Amino acid sequence: MYHIWIKFLAAWIFLKRFNGVHVMQAKAPMYRNEPFLVFWNAPTTQCRLRYKVDLDLKTFHIVSNANDSLSGSAVTIFYPNHLGVYPHIDDRGHFFHGIIPQNESLTKHLNKSKSDINRIIPLKAFHGLGVIDWENWRPQWDRNWGSKNVYRNRSIQFARDLHPELSEDKIRRLAKKEYEKAAKSFMRDTLLLAEEMRPDGYWGYYLYPDCQNYDYKTKGDQYTGKCPEIEMSRNDQLLWLWRDSTALFPNVYLEIILRSSDNALKFVHHRLKEAMRIASMAREDYALPVFAYARPFYAYTFEPLTQEDLVTTVGETAAMGAAGIVFWGSVQYASTVDSCQKVKKYMNGPLGRYIVNVTTAAKICSRVLCRKNGRCVRKHSDSNAFLHLFPESFRIMVYANATEKKVIVKGKLELENLIYLRENFMCQCYQGWKGLYCEEYSIKDIRKI
């Protein structure tokens, strides 16, 4: 291996393809030498316990909770009624906890949240993903459009009831100010409480940041996938949220209308690009880890992603430098023995093999380019370079017997493979490491979080 490395360095000096882009340091991965992780966040406990169907998640390098449950030590997701007294209106029109944040006690909410966190995550050394899924309203007034406009209307009425002497213009301005102040307090203080109680967890809000690039249904061939500038500006205004987050959880769910299309890649790419931008501006010492939420099946269906769309979601997420991807799923996955078998078949076929492909390729790239002290990131984010095992050099083999199933990757990198990686990828060093290949250790670069 040493002589190949020397040849590789010589070839690279000749190529001189590094484009000089500065990459902010990253937080070290959750698990040592695992630069890209795949999580399972679907309620499939019944597949194992009731139907005796093992989805083989660990076989295919997928991190999951005990018994493949929705929440546990690997990843815990908090829905609206699971954490504190979150004020909102649900999808059926039911009112909860004062409806708007300025009409509910923050102290009451935090006290209840503390109890909920202790109950749902009893382990104080929790080291997994802590995801708060609050989607009913957004903390910025101008983003509460469509069905969320009710929160603006309720806020205006709330201000009017308290200050009937004010003009309508002043009432509206006051309503916006009070709403945004209360919304910020609810989201920020909840996050800080969770981080104080379980400081080793990776905490953030699901779907933050968003890109609002959903116009593929109307633009057709004219669709670019780019985040509107106004939405990027609004994301900039949420710096208070990014600074207090310890992870970001955008989503890259694909609707079936995007199946195997150029628009699917545009959609995913720009959502990830925005998340990586926010990750780099949130802190001064390191970029926040990004874990993109995806679905193994097209949204609102039980149709598995095509091979092309696995590349679009999993492959794109890894190549852009995210820390991992989280597969979310519905109760439909475990509703019957047939549905469990369908998930298992997909896992043992294209899905599982592709996950092994990407996670292994990411580890190899980290080892040969970054000395295991960083992860590989595309040099040019808009390129079509992916972290894939080279088919001429590697094989993925699945072995199974009556007691176990395991996946083995066989092969070795050739010189041309190394050159390809160096031409197309660069290192994002973990905290404490620097240099083109993350070869220099510097304790002063590690700051206390």
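The chain as shown is numbered from 1 upward.
Any Cβ shown, glycine's included, is placed from N, Cα and C.
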Please work out, from what Swiss-Prot records, which of C227, C340, C365 forms the disulfide with C47.
C340
When you check Swiss-Prot, which of C370, C376 turns out to share a disulphide bond with C427?
C370
Of C376, C429, which cysteine does Swiss-Prot list as the disulfide partner of C365?
C376
From the disulfide entries in Swiss-Prot, identify which of C227, C429 pairs with C211.
C227
If you count the C-beta atoms lying within 10 Å of each candidate's C-beta, which of the disulfide-bonded residues C340, C370 ends up with the smallest number?
C340
Among C47, N111, C227, C429, these being the recorded positions, pick the one whose CA is nearest to that of N401 (N-linked glycosylation site).
C47
With DSSP assignments reduced to helix, strand and coil, which class does N103 (N-linked glycosylation site) get?
helix
Spatially speaking, which of the recorded positions N67, N111, N153, C340 is closest to C427 (disulfide bond)? Use C-alpha to C-alpha, please.
N67
